[in-house]
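These notes concern the structure reproduced below.
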């Protein structure tokens, strides 16, 4: 198993200055081990896709990267995850601030049952990022603009966010995450609850966001991984099997399991 | 290879099963028709059971409502007797001082007795006169004094005044005393009924709206007794209960749901809270007696002690309802807030609590309604005392509505029967009001997502 990760690392030498890294990460839900010695580098201002069959640990791994697993009882983690070279599991790290630096978008759109404006303004408000109403207005507008939602909602910023369509809600959640100016955005199957048109819009958006943010996306759709990501990591049974440039993974996978998965022989 | 062989075997077995299952069904056969008929009959029976259950419930409700209202409505009216009262200056203010202190101390009772003697001059014996004075309530002299204090010009005049009647004559007027019954077995003798009839012929007997019932405290005289003292006592008691049990209950629920680790200790706490909800209320009364009165020496019969005791009783209800409401908030909302970098406390106060509030308020008001109707624990801490004064605060001796009902139901005078029913009506009105408030608040704070 160590050999596998080693071969992956040698095939794709660890990148020069990764934004985030995971080293020998093991995770246990009570007695069940869900992640085994995961070593992965996340490159700055790129989209990294995590693929693999259901239950392979890719979402679990994603949630390790902003310590969302802390909120679950009975989870133990060992190993190291760094952001800009600093261990995020260090006792001196403030989780609240960490989660502001590493935003997250969830599988199901989960807007707060408040107005569209308040949804986006919530992050800047709790972190005290703004001094005046005007500044806040500006952040809300730019965030909505970045999420490609401004045109559709600018006349009804005060209406409830729950009245938006599923795709709009998901883009609102992205705008909400963007509003606190995170460095990394984690996306956990952001399109699984959306129709193809809304999915296309969100994918387009991810591609645009790449110029400003580092993005890690978990997806079940191989086409989506191929379309939006620059690097792809394949997980299987809690192990990172292979990681590399997306083109290489999809055209010339080194591991038989990767080959089997992307050609649809198992999954 | 062995895999292949076992696979083939499996397939063969599956084919046998599917062949067996593939016998065509004759949907028009009599057996199927019987089955359908049976199903429809079962549906009809079920509907009849449901309707009759609702019918029984409605009938019970109607009987309850009817018996209370039919017995109690007459308590909202009171018989008044018109008498010609001479405001004799010699009696009220002999020295013409005009001083309210002097007027206040005058013998107004004597004035009323004088008027009665003048109205029925034929009554001379001491014993008959005592009966005669019973026509007018002992409380009428207070009304008369108030009237004169407000308008001192009355002194020296003779006026026709409506005076509140004694309870027996009130009962006679309301038809609760049957003149046909043998004299020895009724509260009023033939002579008294004769006086009453004479007054009726004069047009000097009248039923008026009984505002005093809603404004005065308890009394030994049914015609003077009112519900206000108990209502105020209930108000202070519930205020103390709410002020304690709502914050403590909600905080406990939030901690247990959102922060507490799931270990043996919290499991024990949970089980105990659920058990407390099932403890008979009298036990809480005994606890209140021991802890608040015997150990802490808080004032006996005071709403503050009643409130403290009822708070103990209400806490489990509020905690259980609040936990259910908090649990019903979708986890995705918590994740959204945490994912944005909200602290756990911010997540709770900004998102979870507002969304859980309708459920929490409903639980709280149901708990409060329960506390409003509670009698047993309050008997233990002395709130069953006879208290005439309207309490001015949570430390004054007081009684509460359900205890007042209990006290009146226990009183021997016939007139207290209707008071009891009327007090029940007032209590039920408060309960309906509170439940209405619960529905309103739930509708108001409910947010959809």
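From the backbone N, Cα and C atoms, a Cβ is placed for every residue, glycine too.
Here's what TrEMBL has on this protein:
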DOMAIN    B:231-438  domain 'ABC transmembrane type-1'
TRANSMEM  B:48-69  transmembrane segment
TRANSMEM  B:227-256  transmembrane segment
TRANSMEM  B:276-293  transmembrane segment
TRANSMEM  B:305-326  transmembrane segment
TRANSMEM  B:378-401  transmembrane segment
TRANSMEM  B:421-441  transmembrane segment
Can you tell me which of B:276-293, B:305-326, B:378-401, B:421-441 gets the most C-beta pairs within less than 8 Å of the transmembrane segment (B:227-256)? B:305-326
With the greatest number of Cβ pairs under 8 Å to the transmembrane segment (B:305-326), the stretch among B:48-69, B:378-401, B:421-441 is B:378-401
Applying the under-8 angstroms CB criterion, which one of B:48-69, B:276-293, B:378-401 scores highest with the transmembrane segment (B:421-441)? B:48-69
What else in the chain is close to the transmembrane segment (B:276-293), if you only count residues 6 or more beyond its ends and a Cβ gap under 8 Å? 300, 305-306, 308-310, 312-313, 315-317, 320, 374, 376-382
